[in-house]
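Everything below concerns the one structure shown next.
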Amino acid sequence: MLNFIHWNFDPVAFTVFGLEIRWYGVMFMLTFLCGWWILNRIFKREGRNPELADVLLWYVAIAVIIGARLGHCLFYDPQYYLSHPVEILKIRDGGLASHGAAISIPIALWLVARKYRVSIWYLLDRVVLVVALGGLFIRTGNLFNSEIYGHVTSLPWGFIFERNGETLPKHPTQIYEALTYFAIFLILFSYYWRKKGKIPSGELFGWFLILCFGMRFLIEFLKEVQEEWESAYFLDMGQILSIPFVLLGIVVLILSKKGLLGKKDALPEAGTPKPKKGVARNTKKA
């Protein structure tokens, strides 16, 4: 008889003044801290303004929270949330969609690119490195929450999620995705490091979209549906939303190979904010 893994992990890491801090939240925080550290090292290595990492931390964090929440509400259950808009604000009740964050993050990077006179492709090519690593932490958080798992399996590493009242082993798709995200991070980062950052604009971003959402499309076949209405269709919402991102990645790669996304480097003095209107730039030399 197979010995499946009985999973009954407490999702609460600790309590502060009566407020429960969940492991998912801890993983979320680790995502941003590790992302900030890696980007800080990258910018220093490339001679950029390290302040960019600080700015990106806040812009991306806000974009992820807003985009992922709106993505879940509008992609998976728009009728309910549009009828009860206040429920959108109840993030602690759960419900985040990575596809929503995939839309909001580039918008945030565009704002940073304009302010700091950096190519949007430069930022995208570097931020996707930490986003891939972040996927490892987020899916680990999902495992701690005993959520977003797969169909019944007879494989020896099947998880019985007892906290949810499950009695049959299920595919631990959180682990599948976490390991895949980590592999994508290693592939992209090793390529970036080997090229010493001198990569065609948009290349890493294009590969990230293809690998990340291509993987997501395939693993979704093993997952249980998030909403009941998805059962009526061959593809679930996660797969439907992944297709445009894969296609976009292919287009970006083609444009990148043809050199149509700009130069490899950013603009002169990139990484410093634009001077405010009406304020002359000090050009005196010491």
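Numbers run from 1 along the shown chain.
Cβ from N, Cα, C; glycine included.
TrEMBL does not curate its annotations; it predicts them automatically.
Residues or ranges marked as transmembrane segment by TrEMBL: 23-43, 55-76, 96-113, 120-138, 175-192, 204-222, 234-255. Taken from TrEMBL, the feature region 'Disordered' applies to 264-286. Per TrEMBL, compositional bias 'Basic residues' is recorded for 274-286.
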Tertiary contacts of the transmembrane segment (120-138), as residues 6+ beyond its ends and Cβ separation under 8 Å: 24, 27-28, 30-32, 34-35, 38-39, 42, 56, 60, 98, 105-106, 109-110, 112-113, 177-179, 181-182, 184-185, 188-189, 192, 199, 201-205, 208, 212, 261-262, 265-266, 270
Long-range environment of the transmembrane segment (234-255) - Cβ separation under 8 angstroms, sequence gap at least 6: 75-76, 97, 99, 102, 202-203, 205-210, 212-214, 216-217, 220-221, 223, 225-227, 261
Non-local residues, at least 6 beyond the ends, that sit with Cβ under 8 Å of the transmembrane segment (23-43): 9, 11-13, 49-50, 52-54, 56-57, 60-61, 126-127, 129-131, 133-134, 137-138, 140-142, 144-145, 197, 271
Distant-in-sequence neighbours of the transmembrane segment (96-113), which means Cβ under 8 A and at least six residues beyond its ends: 52, 55-56, 59-60, 62-64, 66-72, 74-76, 119-120, 122-124, 127, 131, 135, 138, 213, 216, 238, 241-242, 245
